[in-house]
Amino acid sequence: MEANGNAGRFGLEGDPDLQFLLKGGDLLKVKSKSWRKTRLFRLNEDCKTVWQQTSKTFKSDSSFSLEDIDSVRYGRQTEGLQKYTDSSVEDRCFSIIFKGRRKNLDLIASSKEEAKRWVSGLEKVMTGMHSLNRQQNSEHWFYNCMRKADKNADNKMSLKELKHFLRQINIEVDDSYAEMLFKKCDTSNSGTLEGSEIKHFYDLLTYREEIDVIYGKYASTNGQMSSGDLLYFLQNEQRESVSLEYAKKLIEKYEVDETAKQNKYMSKDGFLIYLNHEEGSIFNPAHKPIYQDMHQPLNHYFISSSHNTYLMEDQLKGPSSTEAYIKALMKSCRCVELDCWDGANGEPVIYHGHTLTSKVLFKDVIKAIKEYAFKTSQYPVILSLENHCSTEQQKIMAHHLTSILGSALLTQPLGHQMPNTFPGPEELKGRFLIKGKRLNKLDAAFNNNATEDVDSVSEEDEAAELKEAEQKPKEKSSKKIKLAKELSDLVIYCKSVHFSNFEHSRDNQAFYEMASFKESKAMNLAENSATAFIHHNMDKLSRIYPAGSRTDSSNYNPVPLWNAGCQIVALNFQTPGKEMDLNQARFLPNGKCGYILKPEFQRDPASQFDPANLRVGPWLKRKTLHVMIISAQQLPKINENKQKSIVDPQVKVEIYGVPDDIASKQTHHIDNNGFNPQWNTKFQFTIHVPELALVRFVVEDYDAASHNDLIGLYTLPFTSMQNGYRHVPLLTKRGNLIPSAGLFVHIMALDA
């Protein structure tokens with residue numbers, strides 16, 4: 001049975017939860033108070049897709065891929081279920097959360113046990129899928145495509161079906177080549193391929209000449225790669241400082257031939273499996289866990305930050321949702337924004353003020369934040385409050401913050417005396433910090449200085465700047481808002497203040513007082529006063545936010561702001577694109593924890609670093625980067641609806657960092673081959689400040705007549721790249737892994 005074979009790949013053969021999913025069952029699908037329909041769901045035998053009945057009346061159905069699922073949540077853990085169901089069905093509810101903008105699937109099972117089996121079963125199969133290495137995923141994908149091409153489902157492949165299959169896997173060949181392949185594999189002369197003939201066809205089609213060449217060069221022990229040969233390859237080609245013991249461990253881990261394993265040899269198959277695992281990846285596995293010093297003051301780190309976190313789409317009429325906070329936090333975002341306004345029934349709401357964006361209750365957002373803040377990272381979360389509420393509703397906000405977040409909310413500076421610098425992320429693990437206005441100095445928290453229950457402070461936030469920009473110059477004035485003491489007292493290390501100039505800030509701004517800069521102001525300072533901006537950020541926090549004119553939720557380039565040492569460079573997480581790719585790359589190392597330690601030259605008061613004027617200094621560690629784009633494997637089709645549409649791939653390599661390091665080079669395109677294109681194209685780049693450089697690989701479908709379409713991409717810090725022959729995983733535009741696709745490259749970074 002097909003399901004058993006696929007289950008075996010995931011290590012789940014005979015698993016009772018898997019058998020439960022394959023059998024399937026009725027679930028109540030919930031869309032609103034009035035829309036609840038019973039629908040049949042079951043896992044398909046490919047163990048990769050779920051079949052769902054979409055209508056009882058028309059007997060229609062559809063499937064969705066497990067690859068499209070972001071997570072499965074047990075209980076009433078979505079806005080929909082909280083809004084449209086009663087707490088009495090809590091333990092029978094679960095939700096399937098999809099990647100991208102696809103709506104959640106909210107479901108109610110007939111019992112608590114059944115709901116838990118759906119959740120645990122789906123999680124098991126998804127974990128099994130993700131545990132497959134790229135080579136196993138490739139093989140799985142290949143045979144799934146083959147099954148689709150087998151139109152009459154007889155487990156045999158005719159020449160016509162083979163031609164259809166080749167187009168399906170993104171490769172265009174002429175009829176004579178297809179016939180030659182077919183005859184070579186049809187050893188039984190039956191006119192169809194079956195069994196071992198299909199395996200032979202797979203081996204022929206997936207043969208990688210470049211791997212043969214590399215293996216042949218280093219396998220110098222009777223045509224085999226001994227542990228000594230492998231060590232030589234690792235030290236001389238991959239530039240790794242490793243021992244013979246390490247080489248033997250790789251053989252033990254990845255060799256598939258038992259005889260070779262016993263003799264401490266690595267076969268060509270084992271060598272390819274090693275290259276497809278994390279040791280052979282371009283991303284240095286030593287940078288995967290938390291490896292940086294997490295005891296430095298908070299302002300010494302870049303902090304993954306979101307702007308208008310509540311929005312799922314644009315800034316004018318898009319929906320506001322707790323789901324947007326959950327998605328950002330699950331990506332280890334550590335600074336989220338809450339735009340707070342007076343709501344009905346005395347309950348404050350969050351939305352983009354004076355627009356048609358929908359509203360969500362402040363308390364529901366705080367509950368969601370409490371639930372999801374520390375699932376992917378234990379390091380502190382900053383809640384950036386844009387406060388437009390009356391003092392009455394500010395008191396309600398303070399109540400919700402203290403009652404929901406409890407002891408996790410920081411309400412006093414750490415220690416027993418007034419601090420003069422920030423604590424580190426390690427000291428603030430599991431804590432929430434409030435960024436907002438404060439009525440008095442922080443030392444009042446120790447001295448019990450009395451303040452009025454309500455007082456006025458200047459309004460300094462994005463909304464105020466937008467309103468000011470709309471006024472004529474003579475109408476501009478300092479605005480005041482009333483602030484409730486209960487809310488003010490919750491602001492500890494992130495007190496919002498107005499920025500005048502660097503000299504004024506140096507003389508008058510306490511370390512815990514931080515300014516927010518709109519992107520144009522920040523870009524101007526980063527370009528014209530970079531060294532002063534860097535020194536400002538050595539003992540203070542700075543937050544940057546997108547221009548109000550970006551009503552489509554587009555993003556600005558964060559790199560110049562990181563170059564200037566700005567920590568909280570807030571982006572619209574809901575909008576995919578180059579800017580979010582760069583953000584994902586900046587926070588890829590160090591356990592994806594949302595905090596990256598800034599380079600020493602951005603923390604040392606003696607530093608005179610200027611990104612645009614690279615004088616001699618500790619930041620100047622010039623490297624020559626040699627990149628060879630060798631090949632790609634199993635690139636996805638761009639237009640799935642057109643069977644004859646085959647991609648013409650080309651690869652761009654881009655460098656982002658200080659101005660002198662910005663560069664872009666690209667290969668030629670290859671006609672009609674997304675399955676196994678080869679370029680063997682060499683590039684050379686000069687990197688002046690490697691600690692701030694990011695390297696981006698972009699694979700596009702070349703089009704002479706119009707804009708090239710994105711196939712896949714991958715971005716990482718220069719300092720996290722491994723030398724040698726490496727596989728590069730590819731992600732979609734939304735940052736999700738494309739399981740079977742990848743690039744094969746050679747990297748060499750040398751001192752210049």
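Even glycines carry a Cβ here, placed using N, Cα and C.
Quick look at what TrEMBL annotates:
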type	residues	note
BINDING	29-56, LYS435, LYS437, SER516, ARG543	substrate binding site
BINDING	ASN308, GLU337, ASP339, GLU386	Ca(2+) 3 binding site
BINDING	ILE646, ASP648, ASN672	Ca(2+) 4 binding site
BINDING	ASP701, TYR702, ASP703	Ca(2+) 5 binding site
DOMAIN	20-127	domain 'PH'
DOMAIN	137-172	domain 'EF-hand'
CARBOHYD	SER188	O-linked glycosylation site
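The binding-site residues considered are GLU45, GLU337, GLU386; of these, GLU45 has the fewest other C-beta atoms within 10 angstroms of its C-beta. Within 8 Å of the Cβ centroid of the Ca(2+) 5 site, not counting the listed residues ASP701, TYR702, ASP703, the chain contributes VAL647, ASP648, PRO649, GLN650, HIS669, GLU700, ALA704, ASN708, ASP709.
Cβ packing within 10 Å was compared across the binding-site residues ASP339, ASP703, and the lowest neighbour count falls to ASP703.
Counting every protein chain shown, the number of other Cβ atoms lying within 10 Å of the Cβ of ASN308 (Ca(2+) 3 binding site) is 29. Over all protein chains present, the Cβ of ASN672 (Ca(2+) 4 binding site) has 17 other Cβ atoms lying within 10 Å. The binding-site residues in question are LYS29, LYS33, LYS37, LYS435, and the one with the fewest Cβ neighbours inside 10 Å is LYS33. The CA atom of PHE41 (substrate binding site) is located 33 Å away from the CA atom of ILE646 (Ca(2+) 4 binding site). The Cβ of TYR702 (Ca(2+) 5 binding site) has 16 other Cβ atoms within 10 Å, all protein chains considered.
Residue pair ASP703 (Ca(2+) 5 binding site) / GLU337 (Ca(2+) 3 binding site) shows a Cα separation of 40 Å.
In sequence order, ASP701 are the binding-site residues from LYS29, GLU337, GLU386, ASP701 with a C-alpha within 10 Å of the C-alpha of ASP648 (Ca(2+) 4 binding site).
Restricting the average to the domain 'EF-hand' (137-172) gives a pLDDT of 74.
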